[in-house]
């Protein structure tokens, strides 16, 4: 969702004018999401699981999703629906031992074909119907992998998370359509588990594991059904606040200025890296707004309950897609990635990283690039991200433990790692925003590929394994009082006399 970029001195009436100047397809998207919010409230109030059957809830959620999709994408809804129908046929016909592979290939191929068509034939102001296709591709493949886990694998071979998500019942056509096309998630997601969605439709979502003592006692409900009102209002307030920040900052720091000849020739490298960070940070709010609003819509429908906090307050973060503070304050690349597009990161982990037996990091980044689209800037970003991830791991493994000796050292380490993380992220995602190789390489050449070279240097130079210190605490004679070393799966306990007693883990 693109947000307009008015001048920094624009007042409130100017902001409304800027919103009114959105391109038609973006305005339709915004109107669709705004309409989905009251529809979600009505859905929860009048089609509550205690008042109506799951079949009716599935049918209404699907029909409303079709309406919103038609409103935003017109006849392209047929192409979007085609991916769901084709994938359901694959589920029906494919062997359970390979259904996940066939579904992944079919869904990714379908998405890639229309991403190419969209790139070649798109015109100014045309709607990007591949956005809901991207969300559907995640849902389709997620169901296929979880169906494979539940019907073709032995229970003892599954991890705890795979066991909880595994599907042992084949979804009906209506359930499958509702999961993929429901009005809460068809336009902007976020991705959710099939089991969680069906539990929501059937009214079992308030009985989350670990919270049963809070919900029922001897079959009698102890607490009233948690209300999502506060969570929804908080997320809507966040959207308005972020919108104001985005409007105030983005026009003053346009991303394209990073490749302006005059800027490249006159600004120092540090100046350019600082401007890069500010300009790309100003782009992030449009994603914050889209995902936070989508989360609020699901919550308003009653979906997203994730148990109770220790203080008894309900949590509504089951399908949360980002944590803004953790992103902006990230002190590592992993922390940034883990809190940015959370559900997509979990999807990549579930279907690729956890199952890939060779080079899982490379495979995961390649799959992520393929899913995002065909612009070469995407591939350059994800290849750079893989390099930065490996370098960050090497640095953390070799240096972090030296700064955990005191709070002041830890604060210094956090400040340094926050600065480097934000610069590295901005440097990495620049091609993602610039899209094409020409501007991307122009930018990287202006920086002499400095962070690429630094990352390679760190990966090659630093040891692959952390060199554990021989002394973690010393007595009066400088002999370690207690230390635990790990080496090739064995633990060594070092006593006060300096003797090692090996104990197999």
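Note: Cβ is positioned from N, Cα and C throughout, glycine not excepted.
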*Check each of the ranges 29-47, 86-104 against TrEMBL and return the one annotated as transmembrane segment.*
29-47
*With an 8 Å cut-off on Cβ pairs and a sequence gap of 6 or more, do the transmembrane segment (443-462) and the transmembrane segment (59-81) reach 3 or more such pairs?*
no
*Cβ contacts under 8 Å made by the transmembrane segment (29-47) with residues that lie 6+ beyond its boundaries*: 1, 22, 56-57, 60-61, 64, 68, 71-72, 127, 183-184, 187-188, 228, 290, 293-294, 296-298, 300-302
